[in-house]
Amino acid sequence: MSAAPPGERSALLPPPSPRAARAAPPRRRACETLLRRLLAAAAAALLLLLVVLVVRRERAERREHAGWARGRFNGTPHLARGRRGAVASENGVCSDVGVDVLRDNGTAVDAAIATAFCVGTLNMFSSGIGGGGFMLVRDPVPCGAAGNATASSPAEHADAAAHRRLPRRQHCSRTTVIDFRETAPRAANATMYAGRPGDARFGGLSVGVPGEVAGLWAAHRRWGSLPWARLVAPSVRLAESARVSRELARRLKLFGSLYMYDLPEWSDVFVNPDTGVLLQAGETVRRPAYAETLRAIAAGGADAFYHGPVAQALVAKVQNAGGILTLRDLAEYRVEEREALQGRWGERTVYTAPAPACGGPLLTLLNVAALYPQWKRDGADDGLSAHRFVEASKFAFAQRTHIGDPAFLNASSLRVVAQIPSMHEAQRIRGRIDDDRTHRLEYYEPLFDITDDHGTQHLSTVDMNGQAVALTSTVNLIFGSGVLDPVTGVILNDEMDDTSTPGVPNAFGLRPSPFNYPAPGKRPLSSTSPTIIEHPDGSFFLSIGGSGGSRIFGAVAQVLYNLDWGMDLSAAIERPRLHHQLLPASVSAETTINEELVEALRARGHDVDMVDINMAVAEVQAVMREQGPPGKAKVFAASDSRKEGRASAY
């Protein structure tokens, strides 16, 4: 029923009396005045509500995109968006190379191979074919197929009841770990660095048998679709001529002056012949010998690296530099295929790399957090949550001292390592964390000294079909061993520095770990933790990993916490981080972190050291897909601005 026009009375009401008619105008004016006041008050209240909502939204956005942060990051955070596929790497050119492969109907494995070759060409200070690493491959399979992801690993959930409550999986996959970690040469022995520890870091004796080409080749033979040569070709062109990035220029400035001017094989590549100084950002770097090596690999596959002229040149250079690498070492190198560790993150399934990588300690950090019901609600800016993370990290690094190459561990040690990612172990750690204080070193039960590791790069890829890759590779220290073969252009790793050397206990009474002593064919301990996570229905959710040596698995855990706290992928990666590796006995906090949080840690007894985000930090790369049909669900990718990374998607 429509309202009567202004000044008219509804026909459903009786006519007013003459007296009421005479009194109507003043009453109407009073009502109108009251109505105007009420409307004004309502408008003011609405305006106030809008102001409050805007302020709250701004605060929420600041919290989402900063968290513990204050100040600015180096580089520009970048969130790439698409619906078909994505690549996240530490070099934007290489992310684009990977997406070009996806556009050509390549698989996620194809994209990862092309991107890895590219990163090793442009960011040769981090990785390359003279190094090695780990690759997780998630391959969709029909549900019910043998070995699919519905099976639980032995270390998965002591909490069987929680496992039974999980929703039924509608998508299935098989996740495989390709271990192409470097191995110790056949002539290696436990005392080879006794009295001369520097030989494990620099020079020919520090070189392990490279595994990257073998690992990429093995993955391509199993999951690749595009021709191998197509995947190597972009890196051949970039090796011939490429622009020097700011990250490369910074590494040259920091490390190049130590030896590059004095060694022709280095100065021929990295010193500008016109200026006589190390290359600057924006100038051109040319690696013609490396381009020729890549051409040989493109034509001949892995055999072209491990046999023939390339192998002969590498062995000659390493031996001339004091090393023990032989042609037999290269010819006998083998990739190891391993079963992924499996765990849970809320209702999602987590797959990560087993020993000698550090996926186990990563799962410990996730499992311990899950035992605090308020973690997800209170954690983002909470000093108590930061304290709990630091304490859990100390226990995780104590666990790390038990890890080594599984082929060299006895049955008792293998049982200990298998328990690391279990909920039973997380519950034990949770029971030993005090919310109001920290403890001395021995409280965290480290068995051996803490072996530090370094360097690396990580890349993540996903294609439209849900195949995904998490790949972490390295030459260890910046520019590896400092050995560059002028014939092949290959920069060799110094991965033997990741081993332990028998000797006297350290200042805290901890002995070097025998699990990590050098031995022929042994793979050194690694802090890498490439990880793939699935939605509750079994579809792909996230591929993630990082670089930065011993800081890697803690950084990955913190990014996952940040996602749990509602941040987008880029914000989760950019948020300032904490690190504690038990030795040294102090918290490492990025300088951009909130001062109140630092004070909260100090109030609980922690020593806190502030570190520049451009120096001792980890860098994380990740790709993510929302739940939904392929081609319709949104895909996101983000690379860490700490290393000026840039992701790409389409």
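Note that Cβ sites are derived from N, Cα and C of the backbone, with glycine treated the same way.
Just so you know, TrEMBL annotations never went through curation; they're auto-generated.
Residues Arg181, Thr474, Val475, Asn476, Ser526, Ser527, Gly549 are recorded by TrEMBL as L-glutamate binders, and the candidate that the same record lists for that site, out of Asp435, Asp436, Asp449, Asp498, is Asp498. Within 10 Å of the C-beta of Val475 (L-glutamate binding site) there are 34 other C-beta atoms, taking all protein chains into account.
Beyond its flanks by at least six residues, the compositional bias 'Basic and acidic residues' (640-650) meets 73-92, 95-96, 98-99, 102-103, 245-247, 546-547, 573-574, 613-614, 617-621, 623 of its own chain at Cβ-Cβ distances under 8 Å. For Thr456 (active site, nucleophile), the Cβ neighbour count at a 10 Å cut-off comes to 26, with all displayed protein chains included. Note: the compositional bias 'Basic and acidic residues' (640-650) comprises 3 helix, 4 strand, 4 coil (DSSP; helix = H, G, I, strand = E, B). Across the fold, the C-alpha of Ser527 (L-glutamate binding site) and the C-alpha of Thr456 (active site, nucleophile) stand 10 Å from each other.
Separating the Cα atoms of Gly549 (L-glutamate binding site) and Thr456 (active site, nucleophile) is a whole-number distance of 7 Å.
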